[in-house]
Structures are given as structure tokens and as C-alpha cells.
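Visitor: Here it is, the structure, as C-alpha cells.
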Amino acid sequence: MATSAVPSDNLPTYKLVVVGDGGVGKSALTIQFFQKIFVPDYDPTIEDSYLKHTEIDNQWAILDVLDTAGQEEFSAMREQYMRTGDGFLIVYSVTDKASFEHVDRFHQLILRVKDRESFPMILVANKVDLMHLRKVTRDQGKEMATKYNIPYIETSAKDPPLNVDKTFHDLVRVIRQQVPEKNQKKKKKTKWRGDRATGTHKLQCVIL
């Protein structure tokens with residue numbers, strides 16, 4: 001299906017934040033979405049930022065995605081990026097029961113920082129390609145998502161990827177469904193870093 005030309009001006013920008021424990025595949029999902037490659041090796045991230053023009057439901061937008069640190073030693077940074085996010089992907093690995101149990105911590109922190117009873121989020125069950133290592137069932141994931149009243153999706157960044165584009169696009173759809181009054185609170189000029197770029201370029205990267 002043909003897509004329309006990318007508009008040059010006045011595109012809405014959505015700040016999407018990917019959170020979760022270290023090693024659950026946050027960077028692999030993000031890199032697969034932006035660069036269409038699978039990175040199999042785990043390299044702890046401090047903070048990576050990406051920009052992309054994309055068309056979702058016949059509407060063009062700029063996705064400004066922050067891939068965050070999962071390591072506990074960087075937990076002090078979390079509130080800062082949570083304040084500026086328009087929506088969040090809470091990622092756990094289906095092979096790591098502890099990462100699933102820690103979802104509640106991220107969910108509660110987001111609501112506390114945002115001072116809201118609800119906020120655009122999606123619960124992401126990653127690494128479903130590793131079925132022989134699976135420790136968290138689909139039903140357990142769905143039950144948790146129902147508890148939080150947020151969507152649930154299962155993903156794999158490994159080629160061929162499963163639901164990677166859909167996950168990011170669905171989060172934008174959730175944000176768009178919010179009532180205008182709530183969205184107005186988030187229209188401040190905030191930045192995660194310095195100069196911006198367009199396209200699918202990674203803007204800043206600090207690797208341990």
C-alpha cells in the first residue's frame with residue numbers, strides 16, 4: 001500500500017519511554033524498530049535517544065524514543081525522564097520472573113511522577129521466541145495488564161521480529177485516545193538532550 005509524502009512542518013511529536021529491568025531486551029526492541037536489525041548481545045545502556053518520522057493510521061508523526069537504563073544504580077535518573085514522557089512501554093522478559101515482578105515498581109513510579117491515576121502505557125512481554133526458557137505465561141501477563149487497565153502485547157526483537165512496530169505504534173494510538181485536557185498538560189518544551197535531528201538516527205549514546 002502506498003504511503004503519503006512526509007509533511008515537513010507541524011508534525012506532532014510523541015515522547016515514548018522504554019522502561020524495564022536490565023537485560024529484558026529494551027534496546028533490542030528499540031534498535032529493531034528504528035534500524036530493522038537484531039542486536040543479540042546485551043550491552044548495558046545508560047540512555048539512548050532516537051527520532052523517527054512515521055505514519056500511523058494515515059497520520060504522520062515524529063516519534064522521540066528514549067531507551068532507558070534498567071540497572072538499579074541508574075534509578076535516580078528515572079524520575080527525570082518520566083516527567084517528560086508522553087507514554088511508556090514497560091518491558092519484561094518472559095524468561096525472567098524477577099523482571100515481571102518488578103513491573104509493578106515501574107508502573108507505580110510512573111503514576112507517582114505524573115501524579116495521575118492512569119497514564120498511557122503498554123505492558124510488553126518480550127523474548128517470546130525463547131519458548132523453551134519461558135517462565136512467565138501469557139495468562140500471567142494478561143492478568144497483570146488487566147489489573148493496571150493497560151494493553152498487553154507479546155514481542156520478539158529476533159528476526160523475524162514479532163509485534164515490534166505494532167508495539168510502538170499502539171502506544172501512540174493510546175496517547176492519541178487521551179482526552180485533550182490531559183494532553184495539554186504535557187505540551188511544555190522539554191528536552192532529553194541537546195541538538196535534535198530528523199530521520200532514524202540515534203542521537204546520543206553512553207555505553208558502559
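Note: Cβ is positioned from N, Cα and C throughout, glycine not excepted.
What Swiss-Prot shows for this protein is this:
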BINDING   21-28, 38-40, Tyr42, 44-45, Gly70, 126-127, Asp129, 156-158  GTP binding site
BINDING   Ser27, Thr45, Asp67  Mg(2+) binding site
MOTIF     42-50  motif 'Effector region'
LIPID     Cys205  S-geranylgeranyl cysteine
Visitor: Mean pLDDT across the motif 'Effector region' (42-50), rounded to an integer, is what?
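Guide: Looking only at the motif 'Effector region' (42-50), pLDDT averages out to 70.
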Visitor: Cα-Cα, whole number of Å: Val39 (GTP binding site) versus Asp67 (Mg(2+) binding site)?
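Guide: Just about 14 Å between their Cα atoms.
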Visitor: Asp67 (Mg(2+) binding site): which of the binding-site residues Val24, Ser27, Asn126, Ser156 is the nearest Cα neighbour?
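Guide: Of all the candidates listed, Ser27 is nearest in space.
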Visitor: Let me check the 10 A CB neighbour count of Ser156 (GTP binding site). How many other CB atoms are there?
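Guide: Taking all protein chains shown, Ser156 (GTP binding site) has 22 Cβ neighbours within 10 Å.
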Visitor: Taking every protein chain shown into account, which of the binding-site residues Asp21, Asp67 has the largest tally of Cβ atoms within 10 Å of its Cβ?
Guide: Asp67
Visitor: Using a 10 Å radius around each Cβ and all protein chains in view, which of these binding-site residues has the most neighbours: Val24, Val39?
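Guide: Of the binding-site residues Val24, Val39, the highest Cβ count within 10 Å belongs to Val24.
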Visitor: Can you check which residue among the binding-site residues Ser27, Asn126 has the largest number of Cβ atoms within 10 Å of its own?
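Guide: Of the binding-site residues Ser27, Asn126, the highest Cβ count within 10 Å belongs to Asn126.
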